[in-house]
Amino acid sequence: MSFIPVAEDSDFPIHNLPYGVFSTRGDPRPRIGVAIGDQILDLSIIKHLFTGPVLSKHQDVFNQPTLNSFMGLGQAAWKEARVFLQNLLSVSQARLRDDTELRKCAFISQASATMHLPATIGDYTDFYSSRQHATNVGIMFRDKENALMPNWLHLPVGYHGRASSVVVSGTPIRRPMGQMKPDDSKPPVYGACKLLDMELEMAFFVGPGNRLGEPIPISKAHEHIFGMVLMNDWSARDIQKWEYVPLGPFLGKSFGTTVSPWVVPMDALMPFAVPNPKQDPRPLPYLCHDEPYTFDINLSVNLKGEGMSQAATICKSNFKYMYWTMLQQLTHHSVNGCNLRPGDLLASGTISGPEPENFGSMLELSWKGTKPIDLGNGQTRKFLLDGDEVIITGYCQGDGYRIGFGQCAGKVLPALLPS
């Protein structure tokens with residue numbers, strides 16, 4: 001239990017302690033903090049208290065504007081920091097609890113802080129690891145018998161996304177312009193995307209990387225995963241449909257990707273590990289680990305249109321539905337010798353479950369625009385309208401506490417039409 005008051009339904013109890021980067025009006029310098037209840041503990045203020053065997057030599061990582069340096073230190077440093085912070089914030093520990101002056105400087109209300117991207121993202125890769133999502137899309141665009149492509153059950157399919165347009169929660173997303181072909185019998189046209197979609201995803205940040213040419217074996221993959229965030233991989237379905245052959249997504253994806261600001265460490269999630277769905281056929285040996293696991297993370301997508309007093313829940317899903325694991329994704333990414341670096345972002349792909357209410361995109365929820373999604377108050381959607389705000393939340397439910405991720409939110413702005 002922490003000496004900082006934490007509500008039972010708070011995302012950020014002492015069991016969590018996610019890392020983020022924030023600034024305040026009084027101090028606009030981006031710096032690293034840890035969320036506890038509705039407060040932020042400013043690690044740049046207390047960095048001198050990290051006196052363990054690893055962090056005593058690396059206190060300066062908490063004086064950086066991003067988490068990259070801390071991510072790169074590896075598991076020993078992360079575990080040392082977590083144990084120290086849980087002890088420091090404990091109701092029984094006087095060091096910070098009873099130091100009135102230090103507490104005054106070190107704690108900031110989350111409501112008064114501006115959040116930033118947690119890391120400088122050198123590279124961003126998006127996977128396609130939900131079997132239900134891949135099957136749904138395959139049925140819509142091909143047929144039931146050929147829903148999954150021949151490679152899908154043998155490797156975690158992915159593509160390289162655009163790191164420069166990954167933004168933190170709360171950043172508006174402008175409706176993209178692009179080339180589309182709405183009528184197969186007519187030439188393509190240029191204009192504003194009409195089929196704008198959201199995608200419910202999660203992503204993880206890479207910790208220590210690997211040298212070019214040296215793959216990461218699956219037995220060591222967990223050592224390279226720092227923590228997880230929520231993600232909305234905004235998608236322009238009409239632009240994507242016309243452009244994606246033969247090289248895959250490009251402008252239909254690269255206009256914006258939203259992530260939540262707080263990175264939940266893997267040690268906070270391990271109590272919620274569950275067996276991974278059975279993989280059949282058995283993957284090749286380099287993708288096999290002894291006890292494949294995933295995480296029981298409850299996920300929701302809410303949509304609030306202009307004029308709506310309350311957001312409508314359009315999707316309830318769970319990360320445990322994913323087919324390919326994070327360890328397999330990271331291992332496969334490096335198997336050809338590709339070098340990963342601290343702060344790289346690897347995303348799950350759309351998270352869809354077995355029931356229609358578990359579908360993680362409007363493409364699926366509206367079944368390619370044929371079934372309007374009821375928002376209540378007489379409003380429906382097939383795809384996103386200007387002014388719509390999409391809010392993704394997620395948490396693991398413990399006994400009397402929850403490990404939450406905060407919000408991953410973004411509002412759609414109108415396209416910038418050519419003059």
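Numbering starts at 1 and runs along the chain as it is shown here.
Any Cβ shown, glycine's included, is placed from N, Cα and C.
Swiss-Prot lists SER2 with the feature N-acetylserine, giving experimental evidence as the kind of evidence. Under DSSP, SER2 (N-acetylserine) is assigned to a strand (E or B) in the three-state scheme. Within 10 Å of the C-beta of SER2 (N-acetylserine) we count 20 further C-beta atoms, all protein chains included.
Taken from Swiss-Prot, the feature phosphoserine covers SER92 (among others), and the record attributes it to similarity to another entry. Counting every protein chain shown, 8 other Cβ atoms lie within 10 Å of the Cβ of SER92 (phosphoserine).
What Swiss-Prot lists as Ca(2+) binding site is ASP126, GLU199, GLU201, ASP233, and the listing cites similarity to another entry. Neighbour density for GLU199 (Ca(2+) binding site): within 10 A of its CB lie 27 other CB atoms from the protein chains shown.
The Cβ of GLN240 (substrate binding site) lies under 8 Å from the Cβ of PRO249, GLY252, LYS253, each of which sits 6+ residues away along the same chain. For TYR128, ARG142, GLN240, TYR244, THR350, the entry in Swiss-Prot reads substrate binding site.
The secondary structure of HIS133 (active site, proton acceptor), as reduced to three states from DSSP, is helical. Sequence-distant neighbours of HIS133 (active site, proton acceptor): residues of the same chain at least 6 apart with a C-beta under 8 Å from its C-beta are GLY349, THR350, ILE351, SER352, PHE359, GLY360, SER361, GLU364. Per Swiss-Prot, active site, proton acceptor is recorded for HIS133.
All protein chains shown were included, and the count of other CB atoms within 10 Å of the CB of ASP233 (Ca(2+) binding site) stands at 26. In the three-state DSSP assignment, the secondary structure recorded for ASP233 (Ca(2+) binding site) is coil. Residues annotated as Mg(2+) binding site in Swiss-Prot, with similarity to another entry given as evidence: ASP233, LYS253, THR257.
What Swiss-Prot records for SER309 (among others) is phosphoserine, and it gives a large-scale study or a structure entry as the kind of evidence. DSSP assigns SER309 (phosphoserine) to coil in the three-state reduction, placing it in neither a helix nor a strand.
Residues or ranges marked as phosphotyrosine in Swiss-Prot (evidence: a large-scale study or a structure entry): TYR395. TYR395 (phosphotyrosine) is surrounded by 21 other CB atoms, counting those within 10 A of its CB over all protein chains shown.
Taking a C-beta cut-off of under 8 angstroms and a sequence separation of 6 or more, TYR244 (substrate binding site) has the following same-chain neighbours: PHE250, GLY252. Within the set of recorded positions SER2, GLU199, THR257, SER309, TYR395, the entry lying nearest in space to SER92 (phosphoserine) is SER2 (CA atoms).
Fewest other C-beta atoms within 10 Å: among the binding-site residues ASP126, GLU201, that description fits ASP126. For the recorded positions listed here (THR257, SER309, THR350), the lowest count of other CB atoms within 10 A around the CB belongs to SER309. Per Cα geometry, THR257 is the residue among the recorded positions SER2, ARG142, THR257, SER309, TYR395 nearest to ASP233 (Ca(2+) binding site). Residues within less than 8 Å, Cβ to Cβ, of ARG142 (substrate binding site) and separated from it by at least 6 positions along the same chain comprise none.
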